[in-house]
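Heads up: the structure comes next, in structure tokens.
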Amino acid sequence: MVTGFGLGKSGVVRTYYQMVVEPALVRAALQSDSRIFQHQNSEKIIRTLLQKNRVDNVAFEPLPSDWEREYCVQYRETDLAFIERLAAEEGWYYYFSHGEESHALRFGHQSTASPILGTLTYNATPAGDRPVAGLWQFEYCRKVTTNQHTLRDYTFLNPNYTLEHQQSAVNSDGVSSSSPQRVYENYDYPGRYKRDEQGRPFSRYRLESTLALSETAQATGDDIRVIPGYGFTLEGHINSSFNQDWLVVRVEHQGYQTGVMEEEAGEAGNRYENKLFLIPHHTPWRSPQTPRPIIRGTQVAHVVGPEGEEIYCDEWGRVKLQFPWDRRGNFDEHSSCWVRVMQGWAGAQYGTMMIPRIGDEVLVKFLQGDPDQPIVTGRTYHSTTEPPYLLPKHKTRTTIKSKTHKGNGFNELRFEDEQGQEEIFLHAEKDLNHIVKHDETTQVGNNRTEQVTRDETCHIGNNRTETVAQDEDLTINRDQTHSIGRNRITKVEQDDILNINNSRYVNVHGDTIIHVGNELNIDIAQNGSWEAGEVFEQICETFDLEGYEQVELSGPGGSIIINREGITLVGDVYVEGELMMETGSPEIVSSFKTSVHNGLPFVQDCQLENNQ
């Protein structure tokens with residue numbers, strides 16, 4: 001295609017015109033872009049860019065092994081530079097085949113198998129003595145080059161594996177197979193690969209790219225058949241070692257037509273010549289590695305994911321991102337590869353984990369500046385994701401506040417540093433689990449308030465000691481149950497008041513001993529009873545038994561009833577010892593004494609009843 005046309009100088013009759021003709025691939029040098037390719041091999045990526053630039057007639061020599069690039073970025077580089085960079089990494093070189101009506105773009109991989117176009121004859125005699133086109137100048141050069149390439153990279157999926165690959169042109173004695181020098185190593189990191197099946201060919205292509213320049217030749221001739229990417233056989237050189245197959249790497253064509261401008265015509269006629277850059281055909285040719293773009297500094301991106309999700313991550317806590325420069329991303333889970341997120345602490349199943357949520361704005365750096373290796377290093381607020389508290393009003397607050405997944409709740413740990421209002425605030429939207437494997441100490445300088453809406457369970461595996469310096473007030477609105485496995489000791493320094501609004505039941509399976517240092521008063525509003533299965537004994541200096549209406553002592557043989565009318569003895573009375581009685585009836589006293597002394601039952605008829 002014609003890429004340039006210009007008007008040159010003019011003569012008496014004729015005028016010079018300048019025209020630039022280039023392959024269609026030149027279109028790729030006119031466009032630059034920043035875009036992301038995912039889960040594609042290099043051939044598919046290159047074909048996409050070629051189709052974009054309307055380069056349709058293209059062929060690829062298959063690679064020995066095909067692998068997929070998980071994430072590959074074209075960043076601020078022309079399509080042609082990106083194509084050449086990928087091709088060089090894969091060991092490809094490109095050239096053109098020309099026909100009468102069109103040309104084709106070829107990506108070759110094994111230059112040693114490139115076609116031989118024919119034989120070129122070396123003839124150093126003057127031009128008039130050269131009957132056929134050939135070469136008349138041939139310059140040969142050998143130089144010392146790096147003869148060993150070592151690459152190393154790193155993958156977090158296997159952090160202890162060195163991921164190192166080395167390719168060498170040196171034999172076991174340390175001598176290069178192509179030159180007598182010792183080992184000259186080129187070591188590079190990172191190698192831009194994450195698997196061994198990538199590292200082995202990458203290191204080999206680097207070595208072959210260097211060795212291709214260790215033996216070169218430059219020639220001048222006029223055979224128009226020479227084309228880059230093809231080979232020819234040289235013959236006729238005085239140095240027979242040069243008479244071999246050579247690969248054409250570059251051709252510069254020059255033509256002269258001196259008679260175009262009559263006023264400039266001279267004795268020299270029209271001529272054509274070309275300058276060739278060659279390497280031996282048996283030497284593999286690899287295109288030199290071109291530098292990748294380097295992203296310096298930090299970029300902003302947004303966390304994205306599937307529709308309807310709030311949090312989207314993989315097993316490593318990686319997230320998907322949408323970069324502002326990516327025009328093809330749809331702000332979904334396909335916008336980027338999984339991107340690692342820097343955490344404040346990351347150990348072997350310990351550390352911090354805060355996963356950025358969809359819509360969050362994050363700060364992104366790139367390992368070694370490589371666009372293919374982004375990593376989230378920070379987070380920032382913006383107009384749609386505002387801080388948790390209004391600023392600068394609450395500038396003294398430091399907080400860690402989350403949001404309920406697909407809800408409106410939150411968990412929060414907040415620190416307030418305003419003087420006089422210092423506070424640590426902890427909010428659990430649902431459960432709060434507190435585990436202390438050894439000691440816990442809590443010291444409260446002033447008041448403490450605890451509110452439990454429903455149940456509270458406290459299990460203490462050993463002893464419990466609780467000290468209240470002053471008063472304790474316990475209110476239980478319903479029942480209280482205490483279960484003590486062994487003994488209970490309660491010590492009250494002063495009064496003990498128990499107020500029961502209903503009944504009280506005390507069940508003692510063993511003995512009960514009550515020691516009262518002073519008085520014991522029992523006040524029963526209605527009935528009271530004491531029942532002993534065997535003996536009931538009360539011992540005191542004075543026993544005072546009083547009933548407001550009646551006192552009754554009962555036993556199997558009778559009873560004594562004391563009421564307002566007097567004392568009634570029911571049953572036989574036996575008296576041992578002296579009996580002292582005072583009464584207004586001497587007869588009754590005499591009869592009572594006689595019965596007592598004789599041990600007889602005492603019976604006295606009531607005269608009132610007899611008179612009736």
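The chain as shown is numbered from 1 upward.
Keep in mind that glycine also has a Cβ here, set from the backbone N, Cα and C atoms.
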167-186, 427-446, 467-486 - the one TrEMBL records as region 'Disordered':
167-186
For a three-state summary based on DSSP, what are the helix, strand and coil counts in the domain 'Gp5/Type VI secretion system Vgr protein OB-fold' (314-381)?
3 helix, 22 strand, 43 coil
With helix taken as DSSP H, G or I, strand as E or B and everything else coil, how many residues of the domain 'Gp5/Type VI secretion system Vgr C-terminal trimerisation' (398-495) land in each class?
0 helix, 14 strand, 84 coil
Let me know the model's mean pLDDT on the domain 'Gp5/Type VI secretion system Vgr protein OB-fold' (314-381).
96
